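S.K.: Just dropping this structure here.
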Amino acid sequence: MKVSQLLVAAALLASANAGAWKVYNDDSYTLTGCNAAMLKSATFCGGGIKTFACACKNQPAMASVMQCLADRTDKDQEVLKEWFVYQCAAVNKTVTVEELDASYENASDYWVDLDHKPAGYNKSAISYRPVKNGNMTKYFTGYIVSYRKRYGTVDRSHYQGMSLLSAWALLLLIATLSNWFTRMSPATLKSMNNSLTRKARQYLGLAPTFRKHHVQSVGFFGYIPTRFESVVILVNFLFLLFCNTIGYSYDQRDLVFTSKMGGISRYIGDNSAVLLSYMTPLVFLFPGRNNFLQWCTGWSYGRFVAFHKWLARLYMCEIIIHSGAMAVTSQAVGKWATRLAVFWYRWGIVASVAGGLMIIGAGYTARRISYEVFLLIHFVLGGIFLAGAWIHCLDQEYEQYYYAAAAVWCFDTLIRFARIAVFGVRTSKVELIANETLKVTVPRPAFWKPYPGAHGFVHFVTPLTFWQSHPFTLVESTVHDQNIHFYIKIKNGITKKLASRIQKSGKGFTNIHVSVEGPYGERNHYEHYNKAVLLAGGNGIPGPFSHAMMLGTRDVEKTEVKLYWSIREYYSLNWFFDELMKLKGTNVQPVIYVSNAQSSLEGVNFDSSSQSSSSSDNEKTDSQEDLKDTSTSQLQKLKETFGFIEFRTGRIDIEKVISEEVAEANGSVAIGVCGHPAMADQARVAVAHAIGENKNRIDYFEEMQTW
Ligand SMILES: Cc1cc2nc3c(=O)[nH]c(=O)nc-3n(C[C@H](O)[C@H](O)[C@H](O)COP(=O)(O)OP(=O)(O)OC[C@H]3O[C@@H](n4cnc5c(N)ncnc54)[C@H](O)[C@@H]3O)c2cc1C
């Protein structure tokens, strides 16, 4: 386990232990019921004290509560006295069992029997004698039914919250065992390949939720989770729905909530508060880049982000339920104005608003317009939410869940900064190649080890861009010079800015200070299979290439390696020229699809390993004759240079390639894909189909992520 992940795990465990769940039970309700009945029957303490403190410091009040306990319950009196001591300690008053007994005994000569009130008795005037009887039974009943309902709901909510966390823990445990089992004993896993497991993997494990979309975005909704992820989210949703709606009833005798509306809304408000408290650490843990669960389960960061998004949406629903229900209760018990005036309630409102803005601002459209701005705002609002919720909950004794969330978040952020500091700021060479790709070459520290499929978040340290960090797959240099490379497709944000900076320089490259946060991502273990089929589209080649190199240059040649790369034009060979040449003489069988059947070889630069000229910059030949000659010689060069690569023209048919490769395989097959989202989605569906059709173990590794 990486040290960074271990630290986050430790932070989570430590924080989870920071606060103990306060257990309410019927003994405590009995005690507080008697206390409330005493407070309602007479006045003992000045200043209108309505808490337990009065019974702890005022002898007649203490004796009245003791009398109530003795009269109205057959519970073990010694246990009730222990609760009495505990409740006094909770309001910073020290009382012993002996003092309670003494107070009760001393009271025997002074009782005021409220069934036979002395003449001139005034309930509102301070009483210096203990009281008994009167409406005590009615009051006690009215309060105890109220406490039983209310705190019974709180108790139940804790069990529900614990069940929810346990279910997640179980799921993560199963995923962890399966991940490590696969790594340590791939043969056993392959043998667990019967028709039942194949069907489960075909229809649940791998399939997209609906027809074929997963990494392709779908309109307003953005990315659709896989079917497995959707089932997990759906079960979570149904469970919360069940908790929020089932098991509420109102007792007409209730003296705390004298209306049904006030009572039921309070129970729902408490239930949602407890449930969302239990969800808080998960919502904050899942999106962390250093989330240790990635290492345990082998699940991608993209999957954890998908769970984070959906859990956060459900979390927001709980916040809305909680806020709405508490507003109704506050109105019903006449406390709306007083609550609005107190600090903790106001901070609750601030947190709710921040949470709502986070959900709205995290919509797919906003992320698409400017991911980095979304991220910055999300971070700031997240901080406001956490602070607001923490302050709100301090008063309610639920703060420990927010300790856990804050600890996880702070550690993740700290580790991210540490990773950047450790890598340092280095001078990179950014080349614009074939007018379509930026090749970034960065010298890495010796101890900083890249691995196949890893990605790093790159900070381009310029005054306008240093605050952004973009994820790119990294490739170890093919010559042993401690450089890493990123191959970046030019899009509309920072990548476009860099490209135009290079174009303006007229040199084909520029030097920029960069820092890299990483490496991140779990490595997929293709070496455990008889055959690895690696499919890449365009700039998706770095990950599959690194895996192919690792497999193809191993001493033990166990795995047959097929590397497919689909590009639109021949000139795209320029930016991956050196790497392709490294495949020569290895165990890798590369196949390159050039999707434009009319693509010309003219722009391909076979002469130099430094491919920094763009296709548009290439000189054009004037006459048809020259053109023909050039084409012939270029074709000759292609054959000479890349004789070890099979070139095919036309669009790659992913389904056909997969079904053919699987059919020709002599044993288990691992299929990895990184490319255009549509390509990955086609591959997912094709592999799911192949799993159902074939007896050999087939696994799919999406070498790309979306979030
Ligand atoms: C794990 C991973 C590895 C990747 N590897 C490569 C690679 O090797 N080569 C490559 O060309 N691209 C890669 N990408 C995609 C790359 O991160 C984006 O294309 C890049 O951030 C776009 O920058 P831009 O400012 O030009 O984007 P824009 O034109 O502003 O946006 C283009 C798209 O990129 C998304 N995007 C922008 N910034 C981020 C960000 N910080 N995090 C996530 N998504 C973002 C936007 O939401 C949008 O969908 C990878 C993405 C991920 C998640």
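Residue numbering: from 1, along the chain as shown.
Cβ coordinates come from backbone N, Cα and C, glycine included.
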S.K.: According to TrEMBL, which of these ranges is transmembrane segment: 270-289, 410-429, 570-589?
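M.R.: Matching range for transmembrane segment: 270-289.
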S.K.: Same-chain Cβ contacts of the transmembrane segment (344-366) under 8 Å, 6 or more residues past its ends?
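M.R.: For the transmembrane segment (344-366), the far contacts come to 217, 220-223, 309, 312-313, 315-316, 319-320, 323, 326, 374, 377-378, 381-382, 384-389, 391-392, 394-396.
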S.K.: Below 8 Å between Cβ atoms, which of the listed ranges 162-182, 270-289, 310-332, 373-391 makes the most pairs with the transmembrane segment (231-250)?
M.R.: 310-332
S.K.: Below 8 Å between Cβ atoms, which of the listed ranges 162-182, 310-332, 373-391 makes the most pairs with the transmembrane segment (270-289)?
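M.R.: Stretch with maximum Cβ contacts: 310-332.
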S.K.: Do any residues, 6 or more residues outside the transmembrane segment (373-391), come within under 8 Å Cβ-to-Cβ of it, and if so which ones?
M.R.: 280, 284, 343-344, 347-348, 350-352, 354-355, 357-358, 361-362, 366-367, 399, 402, 405-406, 409, 467
S.K.: In the predicted model, what is the mean pLDDT computed over the domain 'FAD-binding FR-type' (420-526)?
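M.R.: Its mean pLDDT is 94.
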